[in-house]
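Q: The structure under discussion is supplied below as structure tokens; questions concerning it will follow.
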């Protein structure tokens, strides 16, 4: 046992220049932990609440001084004296202090900062890497990365409706080689886009954000880049998409408005469109294919292609075990996206991953579009042997920080390190 002696929060900036929360935790025996909290752009309406000040005179109303004060004035006095190694008790106390179902009182950004910083302090005191502290001796699987190399939707200022077009280097023997393959495809894509006279500026997550003729053209230019880099689509590298369809779903008409293509689709038409893309291209994963409240649409999509494509629930499940349990019961999707700030504590995050695995669902540990240099999610991915991680493109230090941490972890693990690649998709029949 080692008691927490000090907790301190401050306002910092994230990768979009918006304020976020940083928390430091100190223990009586010299343990120290620091954590920085991320922020999303396309957020699910059922996510835990990110507390913002609303004071238009500071940071356009996006300040987080209220959340910082909640850590320093409310949470800290209650947790001083707690055993830093008792993560469950720490998180449970903060949930109790908040007292709301969605952490609206104290803010998920306040609670999560303390939760992660406490884990870092505990690991530091024991002299252990965070992934070992969180996952034990069997934490050894490096995640297959989903690399977002074309950004659209809410993550870019372009005409592409779908939010993310990603590559997954499943044919690599190690994480290090997977990262190299992804970087080479990324650079090849820049060359392809430049050759087409298209913009090669990057979006929030480091991917390119060109104006394209259609969502399908994003797929074809990536396939060209994969081949240009010397790899085989559908063998060395597969594709994944985060459609983020809630962002273009019109509740008043019940239709999906693909403004970039001038199309208005019913749920059934959208599902048929996905099925056509999957038949035509090596797409292995689709995230949030239907609106977060269109559960009938998600069921239709799952029944149609769920046997051969990973269908990831992000806004659908919001890292929430009650939402996930409902999805499992109804046979909706087959994977969950794990975002620590959607739920707000490490214990609840780990509960969601465990529930998914027990049900035969995969779990994809994920960043947010507003990120920091914090690389905790890299350790979480290995600690839980999640098998997959989604942490942006091959540019922007806020994204690369996670990849570099995974390289360090792979080195530390040495010969016991595993990289499952295509085997990460263990619930598909493709």
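Glycine is no exception: its Cβ is also placed from the backbone N, Cα and C atoms.
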Q: According to Swiss-Prot, 287, 314 bind Mg(2+); so which of 236, 242, 374, 379 is the extra one listed there?
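A: For Mg(2+), Swiss-Prot names 287, 314; of 236, 242, 374, 379, the listed one is 242.
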Q: Taking 323, 357, 358, 390 as the options, which does Swiss-Prot list with 163, 339, 368, 369 at the (2R)-2-phosphoglycerate site?
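A: Matched candidate out of 323, 357, 358, 390, per Swiss-Prot for (2R)-2-phosphoglycerate with 163, 339, 368, 369: 390.
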Q: According to DSSP, collapsed to three classes, what secondary structure does residue 390 ((2R)-2-phosphoglycerate binding site) have?
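A: The three-state answer is strand.
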Q: Residue 368 ((2R)-2-phosphoglycerate binding site) has how many other Cβ neighbours within 10 Å of its own Cβ?
A: 27
Q: Within 10 Å of residue 369 ((2R)-2-phosphoglycerate binding site) (Cα to Cα), which of the recorded positions 205, 242, 314 do you find?
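A: Candidates kept after distance check: 205.
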Q: Across all chains shown, how many C-beta atoms besides its own are within 10 angstroms of the C-beta of residue 390 ((2R)-2-phosphoglycerate binding site)?
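A: Around residue 390 ((2R)-2-phosphoglycerate binding site), other Cβ atoms within 10 Å: 30.
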Q: Measuring Cα to Cα, how many angstrom lie between residue 242 (Mg(2+) binding site) and residue 163 ((2R)-2-phosphoglycerate binding site)?
A: 6
